[in-house]
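Visitor: Before I ask anything, let me first share the structure, which is written out below as C-alpha cells.
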C-alpha cells in the first residue's frame, strides 16, 4: 500500500507522515513550492522525508504561478502577516483554493505511483476560518475523486481517497499522537514569519506552543528569546 | 461579470471563449504550460486571447512538475502518440487528474480577480475514455467548489462554479455554434503531434476534421498534404 503525504514541513503534515507509516503505507511525500515566504518550510520537509528514509520518493512541485497570482499574505511579500486574533472571517493567510490545488496535484502523483491514499493534515477543530479545512469539503473532494480516479491494486481497481487523520483532533491531541509515534517535531517549522527562530506571536506559533504546553512537553524548536516555551 | 476560461488553444476551449463572451462575461483566459509536447498550443492560446482583446488578462500557469512526473503520452517524450482507434479504455494521452488540476488553479485565478464562472470545454459526447469529462465529475466538482469558495459580487457572496457549455454537444454541434459566434478557428490547434501542419491521423485531428465536414465547412488550419480536408 502506498500513500502520498502532503508534507509542508509543519507540525500537522509531519504528524501525518507518522500516522500513514503506522497505517502501513509506503510514504510518497509531496511538498509544494508556491513562492511562500518561508523557504525554511522546504528545508524542513526535506529533513522530515530524510528522517523517514523516503528522500527518493519526495517530490517538490513548483507552483510559482500561485506566487505570481498573489492574493494571500503567505505568498504576497507586500502584505503583512497578522498577529493572533487580529482578524475576523477568512484570514489573509488563506491561499485561494489551496487545498484543492494540493489535492489535485497529489492525485496526479498518486496515479503515477499507484497510491490509493492522500494524507492531508487539515484540522476542523483549530480551524481558523479556512473554508477548505471542513469535513464537508473533504467529503465532496472524495466523491469527486471516486468519479475521476482509478488505480490498479492487486488486479483490483481502487479510487484514490483523501485521508485526514487530524480533522477531528485539537492541536493538543495531534501532538500527543505524534509524540507516541515518535514524530520528529524538532525538524518541523510552523511560524508564518518563517525565520530561523519562530516568532511565537503569529496564529500558527500560538496554537503550536499551546498544544505542546497542554501536553506538558517543551516544543523542541528554537523561539525568539522573548517567547516563553516553559511548561 | 467575470469568467475564467480554461484556454488550451484548441477548438473546444476557443469555442468556450466565444460562448462566455456571448453569455456576457469579461474573459480571463488561463492556459497551462505543463511540458506538453505541442508548444504550438501556447502560441495558439495567445493568438486567441489577442483576438478577443484580453491579452492583458491572459495568464499562463507553469506546471512543469507535471511534465517531470510523466505518466502520459502528452507530456512524456518517450511514449508514442497513438493513432485513432488504436486504444481501448483510458487512453495513454490521459494526463493524471488533469481537469481537476486545471479547475483548482482556475479557482485560484477566479478568487483573485473576483470571477464566479470557470468555462471548461469538456464534452461527454465525443468523450474517448477520459474519466474527468463526465457530467457527474463536473457536478461533484461544483459541489466541492460551493463548499470551498466565496467571491464578493455586488455586496453578495457567490461561489465559483464550473460551466461546461459543450458537455452535451458533439463536435459537429460545437463547431456549428462556434461558426455562428465567429470563433477564430483559424488560430486554433488540435493535433496531438503538435507540428506546424496537423497530422490528420490522431484521434484529435480525426474528430475535428469529421466535425467540420459534417457542417459542410472546410477546416481553416493547415494539414499535411496527404490528408483530405475536402467537404
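Residue 1 is the first one shown; counting continues down the chain.
Cβ coordinates come from backbone N, Cα and C, glycine included.
What TrEMBL lists as ATP binding site is B:7, B:8, B:9, B:10, B:11, B:12, B:13, B:14, B:15, B:16, B:17. If you look up TrEMBL, you'll see B:191, B:199, B:202, B:205 marked as Zn(2+) binding site.
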Visitor: Of the binding-site residues B:191, B:199, B:202, which one sits closest to residue B:7 (ATP binding site) when you measure Cα to Cα?
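Guide: For residue B:7 (ATP binding site), the spatially nearest of the binding-site residues is B:191.
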Visitor: Report, in whole Å, the straight Cα-to-Cα distance of residue B:13 (ATP binding site) from residue B:202 (Zn(2+) binding site).
Guide: 19
Visitor: Taking the centroid of the Cβ atoms of B:191, B:199, B:202, B:205 as the Zn(2+) site, which other residues of that chain lie with their Cβ within 8 Å of it, listed in sequence order?
Guide: B:190, B:192, B:193, B:198, B:200, B:201, B:203, B:204, B:206
Visitor: Counting Cβ atoms within 10 Å of each candidate's own Cβ, which of the binding-site residues B:7, B:17, B:202, B:205 comes out highest?
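Guide: Most Cβ neighbours within 10 Å: B:7.
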Visitor: Roughly how many Å lie between the Cα atoms of residue B:17 (ATP binding site) and residue B:205 (Zn(2+) binding site), rounded to a whole value?
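Guide: With the alpha carbons as reference points, the distance is 21 Å.
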Visitor: Out of these binding-site residues, B:11, B:191, B:199, which one has the fewest other C-beta atoms within 10 Å of its own C-beta?
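Guide: So among B:11, B:191, B:199, the binding-site residues given, the one with the fewest Cβ atoms within 10 Å is B:199.
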Visitor: Find the one among the binding-site residues B:191, B:199, B:205 whose C-alpha lies closest to that of residue B:9 (ATP binding site).
Guide: B:191
Visitor: Have a look around residue B:15 (ATP binding site) and count the other CB atoms within 10 A of its CB, chains all included.
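Guide: Around residue B:15 (ATP binding site), other Cβ atoms within 10 Å: 24.
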Visitor: Given the ATP site residues B:7, B:8, B:9, B:10, B:11, B:12, B:13, B:14, B:15, B:16, B:17, which other residues of that chain have a Cβ within 8 Å of the mean position of their Cβ atoms, reported in sequence order?
Guide: B:5, B:45, B:48, B:121, B:188
Visitor: Would you mind pulling the DSSP three-state label for residue B:15 (ATP binding site)?
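Guide: Where residue B:15 (ATP binding site) sits, the three-state DSSP reduction gives helix.
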Visitor: Run through the Cβ atoms and count how many others sit within 10 Å of the one on residue B:9 (ATP binding site).
Guide: 23
Visitor: Among B:11, B:13, B:15, these being the binding-site residues, pick the one whose CA is nearest to that of residue B:205 (Zn(2+) binding site).
Guide: B:11
Visitor: Taking the Cβ of residue B:13 (ATP binding site) as centre, how many other Cβ atoms lie within 10 Å?
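Guide: By my count, 25.
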Visitor: According to DSSP, does residue B:7 (ATP binding site) fall in a helix, a strand, or coil?
Guide: coil
Visitor: Taking DSSP as the reference, which of helix, strand or coil describes residue B:205 (Zn(2+) binding site)?
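Guide: The residue in question, residue B:205 (Zn(2+) binding site), is helix (DSSP, three-state).
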Visitor: To the nearest whole angstrom, state the Cα distance for the pair residue B:15 (ATP binding site) and residue B:191 (Zn(2+) binding site).
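Guide: So the alpha carbons of residue B:15 (ATP binding site) and residue B:191 (Zn(2+) binding site) sit roughly 16 Å from each other.
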